[in-house]
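Notes follow once the structure below has been shown.
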Amino acid sequence: MESIGIVAPQTMHFAEPLRLQSGSVIGNYQLVVETYGELNAARSNAVLVCHALNASHHVAGVYADDPRSTGWWDNMVGPGKPLDTNRFFVIGVNNLGSCFGSTGPMSADPSTGKPYGASFPVVTVEDWVHAQARVADAFGIERFAAVMGGSLGGMQALAWSLMYPERVAHCIDIASTPKLSAQNIAFNEVARSAILSDPDFHGGDYYAHGVKPKRGLRVARMIGHITYLSDDDMAEKFGRALRRADGALDAYNFSFDVEFEVESYLRYQGDKFADYFDANTYLLITRALDYFDPAKAFDGNLTAALAHTQAKYLIASFSTDWRFAPARSREIVKALLDNKRTVSYAEIDAPHGHDAFLLDDARYHNLIRAYYERIANEVGA
């Protein structure tokens with residue numbers, strides 16, 4: 001299947017202030033957006049793809065000045081791909097608080113002319129959805145054919161179906177959860193603590209010091225990567241292999257330098273992440289993850305929380321995902337069925353853990369392709 005090819009982002013400016021769930025107000029903000037495919041005359045073939053923690057608006061294609069800049073879900077979105085851009089108009093939005101061009105901690109605070117830094121207000125999944133709704137309004141899209149996402153993106157898709165039930169025909173929620181477990185909140189807290197305790201953090205105002213809390217970001221990313229992979233996948237990829245060709249005991253360095261392949265992998269991922277991601281953004285997004293809990297306002301009753309939804313749903317999970325285990329997806333399915341909603345559920349047998357939602361797995365992609373075929377028939381795409 002061909003790639004969507006060269007793409008370019010666009011920046012959308014919004015003058016109307018956005019009141020956040022915290023009570024803070026963001027005024028005169030911008031969101032970076034990419035679109036793929038063509039919006040039909042009826043504006044009925046639009047699909048919103050919501051991104052996860054470290055991703056962005058750049059869902060598919062490449063940038064002209066960097067042929068290596070492949071979109072984070074390029075295997076899913078494009079001509080002839082499961083989400084076929086020959087049939088659908090796909091929108092990717094970089095969320096508020098991110099570090100890829102939308103208004104966030106790195107942006108200039110109009111009141112000071114300096115980066116917001118630690119003063120940027122805490123944002124939630126619900127805040128992102130309200131901001132995304134303004135993007136839809138700007139395109140003249142009254143109703144999405146589908147809102148889709150994996151992991152944190154799946155939480156946004158679910159929130160869309162709750163907050164704007166009349167604007168979502170289908171909700172595709174992959175490798176996600178209705179709320180974080182205590183264990184998941186704990187992982188996020190350890191990652192945040194690594195950043196907050198980095199001497200280069202400077203209370204979140206490190207921009208003025210010309211430094212970046214890279215040590216903390218590295219550790220945060222390493223923690224994340226451990227949770228994204230399954231034990232079996234890590235065993236197959238790395239096992240106990242040493243970086244030295246000779247795996248015998250006498251090949252040990254007897255030091256604390258990198259010796260095992262898994263150590264090398266984690267440090268590589270940590271270094272790469274620390275080079276391109278912003279620490280304040282990491283704090284904001286992980287806290288948004290922690291706060292997401294639509295059932296909280298209903299005394300923990302997810303069935304009651306989903307009572308006013310109108311969409312049809314595809315919920316998908318992966319057998320070896322222990323970060324957001326299949327049981328968490330089944331909680332959503334049960335609550336939807338209790339409300340007599342139309343819901344399809346698939347638990348895909350895949351060895352790759354949580355990261356499976358990003359990978360090119362034939363059974364997974366066939367599932368998504370078949371579901372979008374159904375949507376295409378409904379909207380005449």
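Quick reminder: no glycine exception, Cβ is built from N, Cα and C everywhere.
Feature annotation from Swiss-Prot assigns domain 'AB hydrolase-1' to 45-360. If you look up Swiss-Prot, you'll see Ser151 marked as active site, nucleophile. The substrate binding site feature in Swiss-Prot is assigned to Arg221, Asp355. According to Swiss-Prot, the active site annotation covers Asp321, His354. Look at Swiss-Prot and you will find Arg323 tagged as site 'Important for acyl-CoA specificity', backed by sequence analysis.
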Rounded to the nearest Å, what's the C-alpha distance separating Asp355 (substrate binding site) and Arg323 (site 'Important for acyl-CoA specificity')? Just drop the number here, would you?
10
Between the recorded positions Ser151, Arg221, His354, which lies closest to Arg323 (site 'Important for acyl-CoA specificity'), Cα to Cα?
His354
Cβ neighbours of Asp321 (active site) where a neighbour is any other Cβ within 10 Å:
28
Nearest of the recorded positions to His354 (active site) by CA-CA distance, picking from Ser151, Arg221, Asp321?
Asp321
Mind giving me a neighbour count for Arg221 (substrate binding site)? Other Cβ atoms within 10 Å of its Cβ, every protein chain shown.
23
Counting across all protein chains shown, how many other Cβ atoms sit within 10 Å of the Cβ of Arg323 (site 'Important for acyl-CoA specificity')?
23
Number of other Cβ atoms within 10 Å of the Cβ of Asp355 (substrate binding site) across all protein chains:
21
Measuring CB to CB from Ser151 (active site, nucleophile), give everything in the same chain under 8 Å that is also at least six residues away in sequence.
Ala52, Leu53, Ile174, Ala175, Ser176, Phe324, His354, Phe357
Hey, what's the Cβ neighbour count for His354 (active site) at 10 Å?
23
